[in-house]
Amino acid sequence: MGLLTHRFRFIVVFGCFLCLTSINSNYITMNFTFICMENDMTGAIPDSNGTLHSRFKYTPTEKNYIVWAVAAGTILGTFPINWAYINFGARYPFFIAGTLSVISTAMIPFAASSSFLFLLTLRFVQGLAYSADFAAIGLVTVRWAPLAETGLFMSVMTSFTPVSTSITNPVSGWICESSLGWKWAFYGHAVMCAIVFMAWIGYYTDNPATHKAVDSEELKKIQKGKTRAHIEGDSFVPYKAICKNHIILIVWFNSFAEMTTVTLLLTYMPLYFNKVLGFDVVMTGLLAAVTSFLHAPLKWLSGYLSDSITSIPEHVKMQVLNFIAVGFSGICCFVIGAAKRAGDGYVAVFFFAAVYCAMAVNCGGFYKTGTLVARQYAHFVLATIQFMKCVALVAAPASWAIFVRDESNATEWSYVFYLNGAVLILANIMFVFICTDKPAEFTYITRDNPDGHHDVSAMEIKTGQTEREAPDSVVESQSISETKSRPEARSPEDSKSQQESKSQSQKSSPKT
């Protein structure tokens, strides 16, 4: 396999990233095509004076309903899909979500031509599919990411939003202006989604120990430092203890603040660039793509640096990165609100890009904190972050609807940016005081240990990256028991070496 020897986990994370990107692209395609749909006079409707109007020109209220329909689907789907992930793994539930996204996206042009209610229904289905995204990130990270690579895994998979925007906006703009027309923006995205999910169902399994492409060396790296409960992937989750933990609550608040701003920018950036800043359709697509594209490489870089820099304490790295992602972004929102009022539209564009660049490092901030604190229960924490994004899908349009009556009025838009900036700054201040990389007390709670007793020798695998260590014999027995169940990953030399290691470990272990 060359460069990918002992690295199959990177194929898993990249494939999941493509699926996440495709589902997100399917639902945000509508945000850009609003601009060009209103120029389609097919089936035009006459008003009381006999003047023809495009049936695809939606009022601000109707646009909000179209956005909120996705939010409603995501809200209602988040916890059921999380339950499905916990009980059935990610392979089939995520594939079903992808299938729903393909079907609903392909049918949107027909629904837009026939019935507004039908259009809202399909947008609701897109929301159901989208609700599977963050739980998938959580489960793939829990099952496939070594603790030492958590930041990298999170940075790659959570970059699906800006990557999908940087692809969807210019592609949709080009298709809208071509002879194909806006409908093919939806058809094309549906086809690509079908392709990546067919690949997903073909290569993904939930347990690295049973995957034929994972050898014993890679498996040992994936499992290093994890508890038995973490490795075994029991469906038990101490929901009450997690929801009462103040660190997790503040992590969720930071995610809500950041995602509300991201949702606002992604949803209304094309409209703001076109109506307020005065850019044409093609230029709007290009500017939106550039500002979004900058986010992805910075996110990947920050994830790598967050894991690889060891000279700075982990909690300090997370505080710094969270300030950049949340606190500094809040400051930029204030500048955006003031920029156009000062008459400089390109200043606003620059700080739009600054917000995206700053938020790129969030994987090393509240995301990483939530994952390290929750450990084997990180999938539930990230699924709830998905729920925060659902709430953001309602809060962002609501904040826009409260202040904006005239889509071309820069002053009304500025109040929206000021509000979001203030919430971001407050969230970051709270995060500074609770940031930690230590596993929470609830990580000791398991099905067999409901009281959370700290029986370290029975529950932990030795690691140099956590304060909770176990005797060497636990490491050896765990490693051998895992690899014994996977004969395809071992050579005869591996088996002999492991048996000798086991024998030596038993002789050296203290008698009890």
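Using N, Cα and C of the backbone, Cβ positions are placed for all residues, glycine too.
Taken from TrEMBL, the feature compositional bias 'Basic and acidic residues' applies to 483-499. Annotation comment: TrEMBL describes 500-512 as compositional bias 'Low complexity'. The domain 'Major facilitator superfamily (MFS) profile' feature in TrEMBL is assigned to 1-439. For 462-512, the entry in TrEMBL reads region 'Disordered'. Residues or ranges marked as transmembrane segment by TrEMBL: 6-23, 65-86, 92-120, 127-145, 184-203, 247-271, 277-298, 319-339, 345-367, 379-403, 415-435.
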- Query: Under 8 Å, at least three CB pairs between the transmembrane segment (184-203) and the transmembrane segment (92-120) (pairs 6 or more apart)?
  - Reply: yes
- For the transmembrane segment (319-339), could you work out the same-chain residues 6 or more beyond its ends whose Cβ comes under 8 Å from its Cβ atoms? 254, 257-258, 261, 302, 306, 345, 347-348, 351-352, 354-355, 358-362, 364-366, 368-369, 413-418, 420-425, 427-429, 431-432, 435
- Message: Which sequence-distant residues neighbour the transmembrane segment (65-86)? Criterion: at least 6 residues beyond either end, Cβ under 8 Å.
- Response: 27, 30-31, 58, 93-94, 97, 119-121, 123-132, 135-136, 138-139, 235, 237, 267, 379-380, 383-384, 386-387, 389-391, 393-394, 397
- Contact set, same chain, for the transmembrane segment (415-435): CB under 8 Å, 6 or more residues outside the stretch: 246-247, 250-251, 253-254, 256-258, 260-261, 264, 315, 318-319, 322-323, 326-327, 329-334, 336-337, 365-366, 369, 399-400, 402-404
- May I ask which of the stretches 92-120, 127-145, 247-271, 345-367, 379-403 has the most CB pairs under 8 A with the transmembrane segment (6-23)? 127-145
- Under 8 Å Cβ-Cβ from the transmembrane segment (92-120), and at least six residues away from its ends along the same chain, one finds 19, 22-23, 26-27, 29-30, 37, 42-43, 55-56, 62, 65-66, 69, 81, 84-85, 126, 128-132, 136, 182-183, 186-187, 189-190, 193-194, 196-197, 200-201
